[in-house]
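Asker: Submitted below is the structure of interest, expressed as structure tokens.
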Amino acid sequence: MIRELELDWGFVSKYLVKRIGDYIRAAGKDGAIVGLSGGIDSSLVLRLLREATDNVFVLLMPSESTPKEDIEDSKEMLNVVGNPPHEEINIDDVVSTIVSKTGIHDRLIIGNIKARTRMTLLYAYAQKLNYLVVGTGDKSEILLGYFTKYGDGGVDILPIGDLYKSQVRRLSLYLNLPKRIIEKPSSPALWKGQTAEEELGISYEKADEILYYCFEKFMEPEAVSKLTGVDENTVKRIVKLVKMNEHKRRTPEIFKISERTVGSDWRYPRIWG
Ligand SMILES: Nc1ncnc2c1ncn2[C@@H]1O[C@H](COP(=O)(O)OP(=O)(O)OC[C@H]2O[C@@H]([n+]3cccc(C(=O)O)c3)[C@H](O)[C@@H]2O)[C@@H](O)[C@H]1O
Ligand SMILES: Nc1ncnc2c1ncn2[C@@H]1O[C@H](COP(=O)(O)OP(=O)(O)OP(=O)(O)O)[C@@H](O)[C@H]1O
Ligand SMILES: [Mg+2]
């Protein structure tokens, strides 16, 4: 990881724990729920949540494409954080019902149905418990649009959303998360054998450098290519992915008719505080 992305991980973890706790209290909620996949993002978020609140609920939602190692890693992670209340719900029957009612066979579309089924379950439990749904997206995934819109992207807060995947690994190392979880290749596991780096066509290590130089240092693709050793076309492809997926980072467009359109620049009148 490039030097510029190194942070004081002790400070970052304390800061995130405090922000999560403050947010839950300010929202008037009693706790937080998270989906645990056995991957690094949800493991790290669970670790932070356990310090932020006494009330954490964890959902394991495997499907036929979930590797058995991921289920083992999820259970190990539950142990590491002292076995908070949790439930395991296999989503295959729900997904099959949607597949049979729609006749859809495309693995990407079915994968996105899986992510949205998990979101539906998380919100059902959140409302039952008066908890918030805590998202696990990191800065790399958010910028690249590497998540399912209203699936794993459908959450209330994103505590690690300002950390690139390589920073997520560093923070997880600092917090002593299980080695196997830190070292395994990132995967949404939406279909068998899927890995994030293969689908994205680049390693997260390199993608993070490109994202940092392009979007935080505003450097041109040619200069970023020289600095990172990644060919210029790949740099341009990454920039294009970020642009193409802008819609996933925004609230849905409302077409303006009145003087007071409820858009992203909408503000409360002063008298309402
Ligand atoms: N310009 C635009 N303005 C407004 N909306 C627009 C739009 N372009 C597309 N859309 C909408 O967005 C939809 C496409 O987005 P979406 O449904 O998300 O689908 P899509 O981006 O095609 O697929 C999700 C991607 O994220 C990956 N993923 C998913 C889940 C988890 C993880 C992970 O890392 O764990 C990764 C997955 O492997 C796949 O590559 C379109 O069908 C359309 O409805
Ligand atoms: N089998 C599952 N059970 C419960 N939640 C899941 C499952 N699969 C995915 N999720 C939820 O969807 C999120 C997005 O998946 P994603 O693969 O990006 O994260 P991860 O597995 O935690 O880390 P990585 O990106 O390194 O694989 C997960 O963090 C988790 O909250
Ligand atoms: Mg994963």
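In case you wondered, yes, glycine gets a Cβ from its N, Cα and C as well.
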Asker: In TrEMBL, G35, L36, S37, G38, G39, I40, D41, S42, T136, S187 are given as binding ATP, so which of K14, K114, K165, K206 is in that site too?
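Answerer: For ATP, TrEMBL names G35, L36, S37, G38, G39, I40, D41, S42, T136, S187; of K14, K114, K165, K206, the listed one is K165.
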Asker: Under DSSP, is D156 (deamido-NAD(+) binding site) part of a helix or a strand, or is it coil?
Answerer: coil
Asker: What does DSSP say about G35 (ATP binding site): helix, strand or coil?
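Answerer: Note: G35 (ATP binding site) is in a strand by DSSP.
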Asker: For S187 (ATP binding site), identify the closest of the binding-site residues R116, E141, D156, K248, judging by Cα separation.
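Answerer: Result for S187 (ATP binding site): the nearest of the binding-site residues is E141.
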Asker: Across all chains shown, how many C-beta atoms besides its own are within 10 angstroms of the C-beta of S37 (ATP binding site)?
Answerer: 25
Asker: At a 10 Å cut-off from the C-beta of D41 (ATP binding site), count the other C-beta atoms across all protein chains.
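Answerer: For D41 (ATP binding site), the count of other Cβ atoms within 10 Å is 22.
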Asker: Taking 10 A as the limit, how many CB atoms besides its own sit near the CB of H247 (deamido-NAD(+) binding site)?
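Answerer: For H247 (deamido-NAD(+) binding site), the 10 Å Cβ neighbour count is 11.
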